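To start, the structure itself, in C-alpha cells.
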Protein chains: 2
Amino acid sequence: MSLVVQKYGGSSVADAEGIKRVAKRIVDAKKNGHQVVVVVSAMGDTTDELIDLAGQVSPIPAGREFDMLLTAGERIAMALLAMAIKNLGHEAQSFTGSQAGVITDSVHNKARIIDVTPGRIRDSIDEGNIAIVAGFQGVSQEGKNITTLGRGGSDTTAVALAAALDAEVCEIYTDVDGVFTADPRVVKKARKIDWISFEDMLELASSGSKVLLHRCVEYARRYNIPIHVRSSFSGLQGTWVSNEPKQGDRKVEQAIISGVAHDTSEAKITVVGVPDKPGEAASIFRAIADAEVNIDMVVQNVSAASTGLTDISFTLPKAEGRRAIDALEKTRSSVGFDSLRYDDQIAKISLVGAGMKTNPGVTATFFEALSDAGVNIELISTSEIRISVVTRADDVTEAVRAVHTAFGLDSDTDEAVVYGGTGR
Amino acid sequence: MSLVVQKYGGSSVADAEGIKRVAKRIVDAKKNGHQVVVVVSAMGDTTDELIDLAGQVSPIPAGREFDMLLTAGERIAMALLAMAIKNLGHEAQSFTGSQAGVITDSVHNKARIIDVTPGRIRDSIDEGNIAIVAGFQGVSQEGKNITTLGRGGSDTTAVALAAALDAEVCEIYTDVDGVFTADPRVVKKARKIDWISFEDMLELASSGSKVLLHRCVEYARRYNIPIHVRSSFSGLQGTWVSNEPKQGDRKVEQAIISGVAHDTSEAKITVVGVPDKPGEAASIFRAIADAEVNIDMVVQNVSAASTGLTDISFTLPKAEGRRAIDALEKTRSSVGFDSLRYDDQIAKISLVGAGMKTNPGVTATFFEALSDAGVNIELISTSEIRISVVTRADDVTEAVRAVHTAFGLDSDTDEAVVYGGTGR
C-alpha cells in the first residue's frame, strides 16, 4: 500500500468549515487505498495572535518559551482535524512534533531537523489510522525541549516525514493551484507549471516565489522526495517538483525557461569610492557579516582608471538596512570609502530555467524585453540557471509582464484561473 | 530553602495584564527566598472557546483528540507567564504535564493521576529557575498519550506536585479571598474562614462550596499537604486548609460550625409506592448505577402499615435527570412501583462542622432557624459532621441567611469584602 504525506497550510484550515473540507479530502485519499500521514499548520491567524499576546507580556519574546507558546497553534488544528475525520467514520490520531519523532537541534525559533524517528506514526498507520502530525515543531535532542522550525517550517516537517517514511509523494496543499510561470496577481496570463525540476524550483524560491520555501525544496531534493503542490480548494492537479517527470508523463518536457520571479522586499546599498586594492571588499563584507545581515546580490564594477576608486553595491532585506548602514559607518575610516547610498525603492526580477545553459540567446532576449518596455537595469547578477536584474520598484509589473511575454510563457487564456481560498 | 507550589486559575491570567500581575507575585515569592513551582490554568475563556470549536467540527468531541485540543490552552498560558517572569529579570521555564512527570491512567477527559515523577521540575528549580507547569493535563502510563484531568484538574495538579516535591504549602490563587462561612453573594455578612480542617473542607466541597473541589482536598489530606486558598488580586491572607492550625497560630480554634453551603444544581426524584420488601431498593439503585447517574442524598421513610408501600427519594445532578427517569421507567414492572415524581426546583442547604459531633443542640438550632424563617424541609440527611436539608429553590437565600445568623457566623461588618477580579 502506498504512503502519501499531505500538508495543509493555515489558510486551508482557517475555520471549522475549512477543517471539515480538508478532512473530507484526507478521507478520500484513504479511500483510494493510500496510507495517509497529514501535516497541519496552525489555523488561520492563530500564530499571529499568539505572537501579539507574547508582545503584550514581554518585549523580548524569544527562545524556549516562545516555542512552547507557538506550538499550541498546531496542537489545536491537529486535534480538531482528527475529530473531523473521526466524524466521517475513519480513525485518526494526532501527534505533536515530539511524539512524531521530529528531532531538532537546540536553536529555538529556527531549529533545524537533525533526525526523524517516526515509530509511533508508522505504528499508527499500520493499525489503519490516519496520522495527523503538528507541523513547524520538534523536540531538541539535547534537553528534550520543544522547538519550532521557523518560517515555512510545516512544509519542511512534511518533506522530512515523507523522507523518513519513504513516502511515494509529499503533497503540499495551499490556497493557490501550484507554481506559476510568474505571480498570477502581476501577470494575468501566467501559466501553472505542470512539472519543474528541484534545481529550477530552488532558484525560483530564492528569487521571490513564495509558494515553496527554499529550505523545504532543498530537503526534498536531498532525499529525492517528489513534491506535489496543489490547491486544497479545487481537485485539480498542481505542480510536481522532482528530479524528472513521472513515468508515462514524458510529454512534460523541461522548458527552456521555468518562470519569472520578482521580489520587492530588498533594498540596495552602494558603497561609493572604495579604494581599489586587496582587502577592501573583505573588510566591508566582514563588517556586514558581523552585524548578522544576510546579503543577496553583490556587484562591483571595474574602477575608474583616473581615480583608482570603485563602487560596490549589494542587496539585502529591507528590514536589515538600518543595521547594515550602522555597521558600515563604523568602518568608514578604516576602509576609506567616500559615502554610502541607501535605496529601498528597488525590485529584483529573475528569469529561471536550466535550459538557459544551452541557449545562448536568453540573456540578450531578456535585456531586449526590458529595454523595449522602457525599464532601466541598475544591477545584473547571474548563476548557471538564473539571470537577475535590479530595477526601479515602480517598473516591476511592466518588467515582469514584458519578460513573461518575450519568453513565450503567456497562456492562451486571458486570465490565470486560481482556485484560491483567501486570494493570498 | 523552602519550596512553595502556587496555582493560578484562568480568571487570574485572563489577559496580558493578569499574566503580568501574576508574574510579579511569583517573583515576589522567589525574592522572599522560596523555591517556586507554579501551576497555571488556561487563560480566561480559552477552554470554552476550544470546546466550541470542537463542537463545530464534530458532534462527539470526546476522547484522545479532545484532550490533545484542550491542553493547548494551558500551554499558551504557561509560556506567556514564563516570558512575563523573564521580563522581570528572573529565569523561568515552562513544562507540559508530560514533561513535569504527571503520569495518569488512560481515561481520557477525566484521567486520574497515578504517579508524579517531577525530576525535570526538581532540576529546573535547583538550577535557580522558577518552574511553570501546565495544570489539568498529564500523560498516560500506557500509550504515552496526552490526557486531561477533568473539572478542577489544575488544583489537583498543584496538590499532586506539592506532594511529590514535598512542598511546604500549596497556594491556590483564585478570584475570591478564600473560603467563606457561606457564599458571600448570598450572605452579605459571611466571614472569611482563617483555618479549616481537611474533613470540614471535604464536606463543604461536596455540599456545594465551589472554591475547592472535593478531589483536590482529598488528595491534599492523603499526603498531608497544607493548602492556602487566597486571592491573586489582593495581598491578604486567605484560608488555610490542613490537619491542624499552624504552629504559633493556636488562637485559631476549631469552630463548632465551619460554614453553611448551598447547592441549587440538583433535582429530586421520588419513586412512589415501592413494595416494602428486601431487594426493591437494590433494584432501583442498580438501574440508576447502570445508567451512570451520580446520586447524592437518599431518603426512605418507614412504610405505611396499611399499604406495605413506601416512597424512596434521592437527589442527583439536574443534567442527569432525564437519564435517570428513563432508566427507572424500564424497571417499573419488575420493581412494581406506582409512579415517579421529578422536581428540579429544589435547593440543598448544608451545615458543616466537626464540632457538631459533641454539641447535641446543633440539629435543633438548625431546624428552628429554618422554621422561624418559614422554610419548609422536604428531605433530611446527615453525616457525622454535616446536616443537609432539601427545601424549595425559592427559599434558598432566606434559609442560608437564617442558618448563618443562628450559628453566630455573621461578621461584624455589614458586607463581606471580597477582593475579587471577575466577581465570579
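The backbone N, Cα and C atoms fix where each Cβ goes, glycine too.
Remember, TrEMBL labels are computer predictions, not curated facts.
Not measured: the values here are computed from a predicted model.
Sequence annotations record features per position, and here TrEMBL assigns ATP binding site to A:Lys7, A:Tyr8, A:Gly9, A:Gly10, A:Thr174, A:Asp175, A:Arg185, A:Lys210, A:Val211. Taking Cβ-Cβ distances under 8 Å and a sequence separation of 6 or more, the neighbours of A:Lys7 (ATP binding site) in its chain are A:Val38, A:Val39, A:Val40, A:Ser41, A:Gly135, A:Ser154, A:Asp155, A:Thr157, A:Ala158, A:Cys170, A:Glu171, A:Ile172, A:Tyr173.
What TrEMBL lists as substrate binding site is A:Thr47, A:Glu74. Under the three-state DSSP scheme, A:Thr47 (substrate binding site) falls in the helix class.
The domain 'ACT' annotation in TrEMBL covers A:269-345 (among others).
Summarising the annotation, TrEMBL assigns domain 'ACT' to A:351-424 (among others).
For A:Thr47 (substrate binding site), the same-chain residues 6+ apart in sequence whose C-beta sits under 8 angstroms from its C-beta are A:Gly10, A:Leu70, A:Gly73.
Here the Cβ of A:Thr174 (ATP binding site) has 25 other Cβ atoms within 10 Å, regardless of which shown protein chain they belong to. The most crowded of the binding-site residues listed here (A:Gly9, A:Glu74, A:Arg185) is A:Glu74, judged by how many other CB atoms sit within 10 Å of its own CB. Cβ environment of A:Val211 (ATP binding site): A:Thr174, A:Val176, A:Gly178, A:Val179, A:Val229, A:Thr239 lie under 8 Å away, each six or more residues apart in the same chain. Comparing A:Arg185 (ATP binding site) with A:Glu74 (substrate binding site), their Cα atoms are 29 Å apart once rounded. Regional average pLDDT for the domain 'ACT' (A:269-345) in the model is 88. In this structure the residues listed as binding ATP are A:Lys7, A:Tyr8, A:Gly9, A:Gly10, A:Thr174, A:Asp175, A:Arg185, A:Lys210, A:Val211; their two most distant Cα atoms lie 24 Å apart.
Residue counts of the domain 'ACT' (A:351-424) by helix, strand and coil are 30 helix, 14 strand, 30 coil (DSSP-based). Sorting each residue of the domain 'ACT' (A:269-345) by its DSSP state yields 27 helix, 25 strand, 25 coil.
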